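Notes to accompany the following structure.
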Amino acid sequence: MSGAALGLEIVFVFFLALFLLHRYGDFKKQHRLVIIATLLAWYLCFLIVFILPLDVSTTIYNRCKLAVNSSPAESNGSYVTLAPSKQKCFKPWSYIPDGIMPIFWRVVYWTSQFLTWILLPFMQSYARSGGFSITGKIKTALIENAIYYGTYLLIFGAFLIYVAVNPNFNLQWNQLQTIGIAAANTWGLFLLVLLLGYGLVEIPRSHWNGAKRGYLLMKTYFKAAKLMTEKADAEENLEDIMEEVRKVSESIKYNHPLRKCVDTILKKCPTEYQERMGRNMDDYEDFDERQNSYPSEKSLAKLHKQVIYSVQRHRRTQVQWQILLEQAFYLEDVAKNESSATRQFVHTFHSQEPENKIIQYFYTPTVEWYWECLLRPWFYRVLAVVLATFSVIVVWSECTFFSTKPVLSLFAVFIQLAEKTYNYIYIEMACFLTIFFLSICVYSTVFRIRVFNYYYLASHHQTDAYSLLFSGMLFCRLTPPLCLNFLGLTHMDATISHKNTQPTAYTSIMGSMRVLSFIADGFYIYYPMLVVILCIATYFSLGTRCLNLLGFQQFMGDSEMTSDLIDEGKELIRREKRKRQRQEEGENRRREWKERYGNREDSTRSRAVHTDQKESSFSETNANRPLSKYTRSNGRTERDRIELLQDAEPLDFNADSVNDDPLESDSGR
C-alpha cells in the first residue's frame, strides 16, 4: 500500500475538480485554455487539502521511528529526539516513502503560485479583451496588467535595494524565498479570516433555515423579484447593444476593411438578432468615394467586449429564471403535500427532463413524501447542530492555538491523544474532517459572494470565463495559508508548538517563518482571533443591514422593502404558474385529440387507399370496356373531408360553448 493512497487521492481529486468545473463552466462554448487553467488551479488546491492528512500521519510515524531508534540524550542533526516509546511504531497504511512528499509539495505549491500571480491575471484580461486577433488580445492583456505587475516589481525591487544597502541584513536566497512565501501567505491569511468568519456562521444557519419551509418559500419569492429586475435590465441592455451593432453593420459595408470585425461581432449575437441584422449582399457601395465617419477598430473592439458581456448576462438570467421557477413550484408542492392524507407526493407539473428509471423505481411518491415532508427537516436540523458544534470548536481553537502549556486547542488535543496510541486511521480522519470543514467554510463563501456583475459563479454552465479564472486565482491564494492555519491549530507547525521536532513535508518547503519574527510571532498568531468579531457580525447580519442601507436589497425579515419584494415575487410566480398550466392544458387537449381521432383517421385512410387500389385494378382490367354510367363520388368527398380534418389543429382556449366533436358539428351544419 506504499504510495497507493496518494495515487488514489490524486485520481479522485481530479475527477472531483472536473465535476465541479463542468457544473459551473461550459466546456463547449468557453475557450480550452480557460478550462484547462481553471481546472489546474482548482485541482491543485483540492489536492493540497486531501493530501495534507497523509503528510501528517507520515510525519507522526517518522517521529515515532526516530524516537525509538534514538536514546533520550542523543540528538539527530537539528532535531532533538523524544523519549523511546514503549510501543512499537506501526507503519500507517497510507505511508508515503521518504523523498516523495517534499518534491510533490514543491511542484504543487510553486505551480499554484505561478498560476495565481502571473498566468491567471493575464488570462483574465485576455478573456475580457474585445480584440479580434490573438496578437490584439495579448497586447490588451499586457497593457492592463502592466500596473498590476509593475507594483509588485517595484515593491520587490525596493526591498532588494534596502537589503543590499543595509549591512545589518545578510540574507541568503533561501531566506529571500521564505520572505516571498511569507508575504503571499500574509495576504492570503488576511482574506482567509474574513471568508472564514462568514462561513462559520452562515453555513450552519443556512442548513437550519433549510428546515423551515415557509422561510425557504419566502426567500424564493424574494429572489424571484430581484431576478426579474435583473432579467429585465439584461434584456434592455442587450437590446441597446444590438441596436448599436445594427447601426455599425449598416454603416460598414461588405467591401470595407473592417467588415471582418463586424462579422465577428455578429457571430457572437443571438440567432434571432443575426437573422434580423443579416447584411444585404446586393448593396454595393464604394466607401472610398463617400466621406462617411466609420468607427475605428478600437471602438469595434470595445463594442465586441460589450456584446460578449451582454449576451452572457442575458443567457445567464434566462437560465436562472427557469431554475428559480422550478424551485418555487417544488416548494409550493411541498407545502401542499404536507397535509396530504394519502402520504404520496403529488407534483403540480411533470419534470421536463426524463427521470432515471432506477431512481424512479426506488424514489417512489410515498418515499418522496416521507423524505420531503417528515425526514428532511429533521435531517437539516441535526446537520445544522453538528456544523454549529464544529464552528464553535474552530472559533475556540483559533483563539487559543498559540497556547502550548497547557494545550487549549481542541484539534491539537485530539491529534496528540491519537499520536500516543499511533492510531493513524483516527489521525487521518480527524485531520481530514478538520481541514475539510475549514475548506467548506472558505470555498463556499467564494462560490456565494458576488462582486456586482464582474465576479459571479453561477451553476448550470452559466459562469463566464473571467469569473472562472478569478475563482481559480482566489483558491490558489487562499489554500496555502489555510493549510498553515490548520497545521497551527493541530500544533504540527514548529513555529506554533515551539518544538524542534521533525516538521511536516509541507512546512519544510515553506521555510522557517522566524526569519520575519513580527509575522511569525505576531500576525500569524493574533490576527486569526479576529474571526470572533466577524462571526458576531455575521450572526447579527451587520453586513446585510449595511448593504440594505446602501440600496442593495437583501433578504431581511423585519424590512418593509423585503415584504414588498416578497409580494411582488409571489405574484410573478403565480403568473408563471398560470402560464405553464395553460400550456400543459393545451398539450393535453392536443394529445386527447390525437388519441380520439387518430385511430379513426388511420382506418379511414387505409380504407381509402384500399378503395383506390380496387378502382385502379378495375380500370386496368377493364380498360377496353366503356365507362360506367354511375360514379361513386361519395368516397372522394369523404376522403377530402378526412384530409381537411387531418390538417386541422385544435384550438387552445377554454370555452364552454366549444363542441369537442367536430364531426357532430359538421353533420349538424
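We number each residue from 1, going along the chain as drawn.
Backbone N, Cα and C atoms are what each Cβ position is placed from, and that goes for glycine too.
Matching 224-251, 252-279, 336-363, 476-503 against TrEMBL, the residues noted as coiled coil span 224-251. Highlighted: of the candidate stretches 33-52, 103-126, 425-446, 466-489, 466-489 has the greatest count of Cβ pairs under 8 Å to the transmembrane segment (523-542). Tallying C-beta pairs under 8 angstroms between the transmembrane segment (177-201) and each of 6-21, 103-126, 378-396, 425-446 places 425-446 first. For the transmembrane segment (425-446), same-chain residues at least 6 beyond its ends with a Cβ under 8 Å from one of its own Cβ atoms are 49-50, 52-54, 56-57, 60, 92-94, 192, 195-196, 198-200, 202-203, 387, 390-391, 394, 411, 414-415, 418-419, 457, 471, 474-475, 478, 482-483, 485-486, 489-490. In this chain, the transmembrane segment (378-396) lies out of contact with the transmembrane segment (103-126); the count of Cβ pairs under 8 Å, excluding pairs fewer than 6 apart in sequence, is fewer than 3. Remote same-chain residues near the transmembrane segment (378-396) are listed as 196, 200-201, 203-205, 207-208, 210-211, 408-411, 437-438, 441, 489, 531-532, 535 (criterion: CB distance under 8 Å, separation of at least six residues from the stretch ends).
For the coiled coil (224-251), the residues of the chain that approach it from at least six positions outside its boundaries are 262, 265-266, 269-270, 273, 276-277, 279, 292, 294-295, 300, 303, 306-307, 310-311, 313-314, 316-318, 320-321, 324-325, 328, 553, 565-566, 568-570, 572-573, judged by C-beta separation under 8 angstroms.
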